[in-house]
Amino acid sequence: MEIQLELNLKQKLATRLGTLLVASLVYFCFCCDSAVASLVFAVLLALLLRSPTFVFALVMTAQRDIMALQRFLALNLYLLKRDRGGYTVAHCFQQLARSQPQKHCFVMDHQAITYAEALLLSQKVAGFFSEQGLQRGDCVALLMETRLEYPCIWMGLSQLGVITALINSNLRGESLLHSIKVANAKAFIFGSELMDVLQSLIANEQLPCIPVYQYTDKELRSVPGHELLPGAVDLSAALTTQQALALPPSCAAEEARSKLLYVYTSGTTGLPKAAVITNLRFLFMAAGTFYMLRLQRDDVVYNPLPLYHTAGGIVGVGMALLNGSTVVLRKKFSAKNFWLDCSRHNCTVAQYIGELCRYLLATPYTPEQQHHRLRLMYGNGLRPQIWSQFVRRFAVPNIGEIYGATEGNSNLINITNRVGAIGFVPIYGQKIYPVQVLRCDEETGELLKDARGHCIRCRPGEAGLLVGKVDPRRAVSAFHGYADKSDSEKKLLRNVFARGDVFFNSGDMVVCDILGYFYFKDRTGDTFRWRGENVATQEVEAIITNCVGLEDCVVYGVQIPHVEGKAGMAAIVDPERKVDMDYLSIVLRGSLPPYARPLFIRLLDEIPRTATFKLKKRELANEGYDLTSLADPIYYLNRDGVYRQLGRDQYRSLQAGTAGL
């Protein structure tokens, strides 16, 4: 609603501005004999008569687009040079390490590793596993918590052409086994801190019959619980005496497009999928952030995110491996210590994901939270509802919001501090840049087609499905899919605008305004239909979250027997049962139309989430409001607009279809 109002105002302003421009140009033309002036007048007049909104947007975004174009060209020149030269991540890092050997590469707590030390360790890893018989194209599974050596291990394996599967260290049981098997791992490396996970797999005879290598930190080798697992090779001890294996000085041109890593999707809707990350893809993601947000080599980047995911393990770690910045790591995110760490390590840049920003806002205010040197925070998922509050409270000068999936090619970035925007595309390049927004059914995500069977582009202000055109020749728009090829095909849309074209389906609903800014609306499938209207869950979640003191909240649709559509249900984390239902009722009545107000509210101790703090809706939606299986209190929206605890009689009438819905 707010976006639509803003668009209407801008369109009215555009028309008035167009009229003024025409009048000014007429005066200019008659007062000047210049042929060039007359030509400029003729061109602009034609544009104004055709589309005053277009001219308005062109003028308003000129400075933004020139700045973006300069940075985008520099990025593409960087990628082109490395693609044609066959550069891998390991080659890029070797050049950096030799140019600044004594500079800190990674810092964690009171420990640090220099570029020279990181290069030596990675070359020792390459030498050791070369002697173990690993060959190009083989895969090694890496299960380890964040530590200084983590990137060095997979980088050393990459020198041999070996792919590393970065396993989520929080996985257990079936999900962990699936991650190992889908990558077809030929060896397994684990950190001793996860000894119990391996012991459980071995006890249940679930671990595949592959070599196992254990890495133990020096200070933990004599600590009980970190003994060498029977049958495992002591990797940390072996590396102390291992000879380094140096990279060859040159590489083949195709090396840049070779597989580097498998990075797993979050697994919010089923088992994790192993996304293929090539060397060029890694270069694009890390260097893209560096160039578009104008990071500097002397920046100190704070990265409290896990290293097995894209945000922390590529976009974060890549600032050191490719761009020469020092990266400060943390084993686990801590809202209490976030600003203390930034101050202690003199960080100038920090990473975030949206949920972390909310956790930071939920901490008690202290003056020390502004005692930092940060000039930029970058990441993804900062909600518009808390954006301005976050910037003001913590005195962060610049926010760089990045949009993109691990495996996707629908890449956007906000470099102008535009509140709520996930990025932009210049209005004159919207049909050229591979990102498009297509009309679709908001509830099902099914694309709408014209009479010729082609998809339809959305107009400004219309919500639609974000897709990216696949072009394997370009790093910006290539799609490398998953280790499991059948999963790859499910993400592709074919014959979208013309026969033979291929687009990547992001699964995200977005809105684009007349200036070319994109705003995230919802995930397809998260939007549900109730009372003949589409309900966008993110909007409802934001209102409830602000009302209950920034506690976790998810909204989803649940099926009620004998009733068309899905009713809204909100799950709120409230272990102490402190939520004031009367107050929440008043807020929702005043903030949302009747169809968007959740019919049910569930209070629970904890919401299931992924390791990157994404909340799992599907499990909660499947559980619904079933009083026979749930012990959590569930509240029902009564006819007077007040939430009261759902009783057995009400539940039975809902199931029987006699509740009057």
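For all residues, glycine too, the Cβ spot is worked out from N, Cα and C.
For reference, TrEMBL has these:
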- 93-450: domain 'AMP-dependent synthetase/ligase' (DOMAIN)
- 274-293: transmembrane segment (TRANSMEM)
- 305-329: transmembrane segment (TRANSMEM)
- 539-614: domain 'AMP-binding enzyme C-terminal' (DOMAIN)
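Distant neighbours of the transmembrane segment (274-293): 68, 71-72, 74-75, 78-79, 82-83, 87-89, 92, 158, 165, 179, 182-183, 255-265, 310, 314-315, 317-319, 321-323, 376, 378, 400, 402, 404, 406-407, 411, 413, 415, 475-476, 478, 480-484; these residues of the same chain sit at least 6 beyond its ends, with a Cβ under 8 Å from one of its Cβ atoms. The DSSP breakdown of the domain 'AMP-binding enzyme C-terminal' (539-614) into helical (H, G, I), extended (E, B) and coil residues amounts to 23 helix, 21 strand, 32 coil. Confidence in the domain 'AMP-binding enzyme C-terminal' (539-614), given as mean pLDDT, stands at 86.
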